[in-house]
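Here's what Swiss-Prot has on this protein:
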{"type": "ACT_SITE", "residues": "Asp633", "note": "active site, proton donor"}
{"type": "BINDING", "residues": "Arg339, Glu434, Gly459, Phe460, Leu461, Asp462", "note": "glyoxylate binding site"}
{"type": "COMPBIAS", "residues": "722-741", "note": "compositional bias 'Basic and acidic residues'"}
{"type": "MOD_RES", "residues": "Cys619", "note": "cysteine sulfenic acid (-SOH)"}
Amino acid sequence: MTDRVSVGNLRIARVLYDFVNNEALPGTDIDPDSFWAGVDKVVADLTPQNQALLNARDELQAQIDKWHRRRVIEPIDMDAYRQFLTEIGYLLPEPDDFTITTSGVDAEITTTAGPQLVVPVLNARFALNAANARWGSLYDALYGTDVIPETDGAEKGPTYNKVRGDKVIAYARKFLDDSVPLSSGSFGDATGFTVQDGQLVVALPDKSTGLANPGQFAGYTGAAESPTSVLLINHGLHIEILIDPESQVGTTDRAGVKDVILESAITTIMDFEDSVAAVDAADKVLGYRNWLGLNKGDLAAAVDKDGTAFLRVLNRDRNYTAPGGGQFTLPGRSLMFVRNVGHLMTNDAIVDTDGSEVFEGIMDALFTGLIAIHGLKASDVNGPLINSRTGSIYIVKPKMHGPAEVAFTCELFSRVEDVLGLPQNTMKIGIMDEERRTTVNLKACIKAAADRVVFINTGFLDRTGDEIHTSMEAGPMVRKGTMKSQPWILAYEDHNVDAGLAAGFSGRAQVGKGMWTMTELMADMVETKIAQPRAGASTAWVPSPTAATLHALHYHQVDVAAVQQGLAGKRRATIEQLLTIPLAKELAWAPDEIREEVDNNCQSILGYVVRWVDQGVGCSKVPDIHDVALMEDRATLRISSQLLANWLRHGVITSADVRASLERMAPLVDRQNAGDVAYRPMAPNFDDSIAFLAAQELILSGAQQPNGYTEPILHRRRREFKARAAEKPAPSDRAGDDAAR
């Protein structure tokens, strides 16, 4: 039984109430009684609106399902389909042209293009790593990944391999030549660096030279005649050459260079949503407490690395000498967003007088907004660090369907600002373009938040899940691997960029693109993810600090501002392309192809769900059926479960096929997790495993889940597991894993 405190019409879990009163409110100048009265009023006023929006989702889906069932096997008449979607209010009139008016936004969002990390906030170590990933070692990122092949004697090994190190150095020198070229010669031939008359002087074997563009010299540390680092800038991103002739690497370098540091994760999303498993008050408070520590600057995590124990804390800002003299400071940490949950879920952290749980999205806005106040100014109580230098709070809002839901979020933020005594529009919104009704009405969605919006982002993983569920009754969908080449998804990516630029995002807000999920395949990422900035994205998601440093290379190669200028005024996608349903043209799959698809998806589902339900791990590096590590979260789970639910609905497979595949894949997943002491095998007692049953339920009842979301089943099953574990002691739980080291 949860211990609760009554406040007005609400009953608040004691653990949350005490955290807010004793930890979150001190330092904000907000009276506790006034705050809780405001919470009570916001919940009372906005809960009916929230529920009405969910009802509208269900009503629209029911009408779409009915339309497709009536169509039977006839080809889709696109004109009739578009007219139908317009008549039911799914497809709305496009508003007149406009420009967003959001003000008070940090430069990391408005003008600096670069990588964006997403990290589970329930794991303090990962959150700290992500916040500190503003700056990353290029040498480490190259040496430790497959970007440098382990051939010709360049294996990693347990100790430093000079052959590999030399290849790293050569790669980095080539990067410098390409990004901040010298007026003559190459960084590869440099023998020293000095600063003379405010200019960088680079010594070569036979002469001295400088930068081809002297304006790319941004500063230095140490003495001008013998600097310990040289700071350069390209496309708004900083590059720092560290010089230490006595270091292990520096002793092998003619110029004494020991590393090249790149400005990497410019922004980071601290996530309360898809990458976490927060199902009750205790889980929510863990996340809120970590968010508080990040904003106050006092979050710390004990780390044991190679037998050495230390305390990880937030990095301080970085101090430099300007080329012409005088000191300046650069941020030492990534600018933080916080991702709240969407409109669907409730949480028992607060219940009303009837015992009904309060909508979690309303709670998140109130409590993450309150906590973020500590990141707006430094003080003895708030700590020495600040997040936003312009006084803004940045909240990513996911899984919104259409402009009415965006408008509701803006109203919620406005009401929260009143409760917190903040100026209107302090709380900015990042709009995830990851639901089909938002995509086809994106211009209207942006207009609904024109004075708050700071980013739009194509979440293609969730977006694919909604694409499948929306048209569940239309027929069997193409295989998961084929989905990325479908007309709708190509149009979707272009449409997002074009809509953002048309609304004036360039120089005002981020245009973002999705995650690289193959966490170990960094060479492939370096080869292919450059397509995102080339497409006009000013940021794109990466799964780790190392990936952020490597993806930063792309923003030196691509001038995103120039790309956006070239795309301005274009409209590359049509509504017909966006509405093209990814149906299989014919059921031409051989039985072994069907079995392969089912096994691949069942293995992926089991590999993710077993850690979610049994260990509370919301974001995992899950080996696929071929043992390739993939970053999995609820978005990838949504795709896999919805595709199989669709095939089940249309007779491509049977429930017996699903069960047989799950039973085949469970032992494989058990073997892949054999090294985890907290892991509980699913085989051979499948029906005794709550995780196995959750995976099965996600598929068999996938067609009936609201918009295909996995949260209702996951939350219920995780609570079931927690209740069972409370009755019978089990191995220790964990709040995160290795998704973002």
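Cβ atoms here come from the backbone N, Cα and C positions, even for glycine.
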Recorded glyoxylate binding residues, Arg339, Glu434, Gly459, Phe460, Leu461, Asp462 - maximal Cα separation rounded to whole Å: 17
Rounded inter-Cα distance in Å - Leu461 (glyoxylate binding site), Asp633 (active site, proton donor): 10
C-alpha spacing of Cys619 (cysteine sulfenic acid (-SOH)) relative to Asp462 (glyoxylate binding site), in angstrom: 15
Neighbour tally for the residue listed as 'cysteine sulfenic acid (-SOH)', based on other Cβ positions within 10 Å of its Cβ: 30
Rounded inter-Cα distance in Å - Asp633 (active site, proton donor), Glu434 (glyoxylate binding site): 14
C-beta crowding around Glu434 (glyoxylate binding site), within 10 angstroms: 27
Protein Cβ atoms within 10 Å of Leu461 (glyoxylate binding site), excluding its own: 20
Inter-residue C-alpha distance, Cys619 (cysteine sulfenic acid (-SOH)) and Gly459 (glyoxylate binding site) (nearest angstrom): 16
Sequence-distant neighbours of Gly459 (glyoxylate binding site) in its chain (C-beta under 8 A, six or more apart): Pro398, Met432, Asp433, Glu434, Gly514, Ala635
DSSP three-state assignment for Arg339 (glyoxylate binding site): strand
Same-chain residues at least 6 apart in sequence whose Cβ lies under 8 Å from Arg339 (glyoxylate binding site): Val118, Ile269, Met270, Asp271, Phe272, Glu273, Ile395, Val396, Lys397, Pro398, Gly430
